[in-house]
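Q: Would you mind keeping the following structure in view while I ask a few things?
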Amino acid sequence: MNDFEATRAWAEAQDAADPLRSFRDAFHIPPHDGGDALYFCGNSLGLQPKTVRAAIEAELADWSELAVEAHFRGRSPWMHYHEYVRDAMAEVVGAQPHEVVAMNSLGVNLHLMMVSFYRPTAERPAILMEAGAFPTDRYALESQVRFHGFDPSRDLVEIAPDGPGGILSLEAIERAIAEHGHRVALILLPGVQYRTGQVFDLARIVQLGHAQGCVVGFDLAHAVGNLALALHDSGADFAVWCTYKYLNAGPGAVAGAFVHERHARAELPRFAGWWGHDKATRFQMGPQFVPTPGADGWQLSNPPILALAPLRASLELFTQAGMARLAAKSRRLTGYLDWLIRTRLAETLDIVTPNDPAQRGAQLSVRVRAGRDAGRALFAHLERHGVIGDWREPDVIRLSPTPLYNRYLDCLGAVETIASWQATSA
Ligand SMILES: *Cc1c(COP(=O)(O)O)cnc(C)c1O
């Protein structure tokens, strides 16, 4: 069992003993009513690290003082800028450095990866995905199927959730792969389901997919910076993610992509650009594209320095904290919120997210038992009282205590705010 207590004294003692407590001071916490808001929305937009402003200003200064020369003589020469985030990002996702690259946005990377990794044939035309996926993923996959001249009604196979609240069991995935695998070119699943917060077993899915001859890729939007991932060891062919959620790199920040090292030198078809060309000869400006080995070979353009600077600043905090320590705190912190909801709010709320800590990250998705209208009313009450979560149609409130900046006291405060609504609406 656990040692949790629903008291301020207990929560404050936990926060005081938290080895990661100083990281909260590294962030701007949005204010509410003279104090700090209780921010539970790191799953949607992570908070701003205080070091970001100086990081951007340093690049602005180099631009104003050195202009084009900053590519070579800047404090952080722009020529190599995307490489400055590589090691830290590889560490966060559990990959080798040459397997990851920061570029574009998530949706763009998903399409670029599919150019290389979705190669449908008449015998094997299909993509296997989850029903209820994030819209971009469905739109991207459906449009790729159409682009190749196949029919989404037949060749986009969606696995229906088989558990309460939209949970999708591993058995259902296994059954779908066993049934459809022989005609599936690509399996694409999330690391963490955005609406339910459910975690998927990447290594097992790769194993099942590869056994049937399928390529396997992941959308890690809600997994990166949330779970201690082992992307290389999972054997996944590719993965994509954004960096503005748990990675705190700012609105619309530069996204990430992973290409497993077994494809690092493969002559995969791709959409090419000069920044993906072999570094040694890029500036010879020759007509023949020779890809840089590894994930860098999928870059199109010279990188957006002002957008990478915040990612670099943010990743420094992840390097200092370490994913293993963050994941350990996250389990306990989310476990505390889960326990508080189950013990204090069981009549009002259902938790959709699996109770098993191995099947969830920071996020808890809850539904108000009284239905959608009551759910909207509770959500409005939370907003009024400075508890910031988010609403996902049709009826889910997502609350994500993140281990870098959330406290045990925040979890208690959120539950007390919900309890005060429960009292008035009863
Ligand atoms: C957040 C999220 C996106 C957003 O895509 P962008 O290209 O960054 O706008 C896409 N897919 C999933 C699963 C997400 O969680």
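Each position is counted from 1, following the chain as shown.
Any Cβ shown, glycine's included, is placed from N, Cα and C.
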Q: Please state which member of L106, L112, L156, L326 TrEMBL lists alongside F134, P135, T136, D137, D219, H222, Y244, W274, N302 for binding pyridoxal 5'-phosphate.
A: L106
Q: May I ask which residues of the same chain, at least 6 positions away in sequence, place their Cβ under 8 angstroms from the Cβ of W274 (pyridoxal 5'-phosphate binding site)?
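A: In sequence order, the residues whose Cβ lies under 8 Å from that of W274 (pyridoxal 5'-phosphate binding site) (at least 6 apart) are R282, L300, S301, N302.
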Q: Near ligand 1, which of the binding-site residues show up if the criterion is a Cβ under 6 Å from one of its atoms? Options: P135, H222, W274.
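A: Listed by sequence, the hits are H222.
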Q: If you draw a 10 Å sphere on the Cβ of H222 (pyridoxal 5'-phosphate binding site), how many other Cβ atoms land inside?
A: 29
Q: Could you state the whole-number distance in Å separating the C-alpha atoms of H222 (pyridoxal 5'-phosphate binding site) and K245 (N6-(pyridoxal phosphate)lysine)?
A: 7
Q: Ten-angstrom check, please: count other Cβ atoms within 10 Å of the Cβ of D137 (pyridoxal 5'-phosphate binding site), all chains counted.
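A: Taking every protein chain into account, the count is 21.
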